[in-house]
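A.B. asks: Handing you a structure now.
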């Protein structure tokens, strides 16, 4: 039985990174507005210009950060969940091939084009649902997340379909904010270094010194992360997919969802360009199905015993796939078993996703987790 006090403490601890970032931002506001603009800058026009521009960057950055934190995690629709009778039927079936047939039957009307390395339908035991394409289970959030990119401790939220645009804008505006602060404070940093600042500002000189250093350091770290996620946007991949190639009907295809840079950008930021740079939700689709660069023929049987190969290069053929599914299953490494160890399915490499990915850091390639015995032998 779970301990309510322990669970509360764990939830509280998860907010520490957010509190840390918030305190840094609040301190930077004080150091820039009060110590630098009010006390250190003597020219009134310069004060006004600096303060106006600063608040523009500050407000849009804080807005994006807020949206990334508090956007609801996108969850699969009800039709992807198994009924209690279906779950009981699955658990009481001893034959693995029959279990796979049950899953295939349950998923036959769902819009699925991806599968596991073993050719199985991607099933989540903790949530008891058939996972939509690009959906993964996050043990930190305790739910399956649509188009999951990674779990970010700095926002205490999963980054996925519902808030990926906000996250990219948060990185971009955070970078602009840091560059602006560093660029406008460098003059007074140099004056401090040369001991040219007025002694009347007292300890404010140290605030300006650390303000410049903090802004410069965060700029360096954000520029690479923001650039990486721009690359993912233009190639229509998630962080997970960049390290683990999605498996389609005819094999793995790293560009399976790539519709061209323009269409990829619109899929995240929407059709209306006037809203691209505002942290309001404009992403296309419903997070359950995604256009693919290859239109699969539903009447063509999928190979199940041939080696996995790259999908045919047909960049001009775009559709929603064939909607067919194959028995697949994933099990989180930390707990949760369906039936017993012999009867488990798992996606290759997909273990405790949230324990491997963090934002503002480079995600390491996941290792292999257990897969259905027929896929390994």
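The chain as shown is numbered from 1 upward.
Keep in mind that glycine also has a Cβ here, set from the backbone N, Cα and C atoms.
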A.B. asks: TrEMBL tags one of 119-147, 206-234, 235-263 as transmembrane segment - which one?
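C.D. replies: The listed stretch tagged transmembrane segment in TrEMBL is 206-234.
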A.B. asks: Other than its close neighbours in sequence, what residues sit by the transmembrane segment (12-32), given a CB gap under 8 Å and a spacing of at least six beyond its ends?
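C.D. replies: Sequence-remote neighbours of the transmembrane segment (12-32) are 54, 58, 61-62, 65, 69, 140, 153-156, 181, 185, 207-208, 210-211, 214-215.
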A.B. asks: Could you give the residue numbers and ranges of same-chain residues that sit at least 6 residues beyond the transmembrane segment (48-66) on either side and whose C-beta is under 8 angstroms from one of its C-beta atoms?
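C.D. replies: Contacts of the transmembrane segment (48-66) (Cβ under 8 Å, skipping residues fewer than 6 from its ends): 21, 25, 29, 32-33, 36-37, 41, 155, 166, 169-170, 173-174, 176-177, 180-181, 184, 279.
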A.B. asks: Can you break down the domain 'Palmitoyltransferase DHHC' (121-243) into helix, strand and coil residue counts using DSSP?
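C.D. replies: The domain 'Palmitoyltransferase DHHC' (121-243) comes out at 70 helix, 16 strand, 37 coil.
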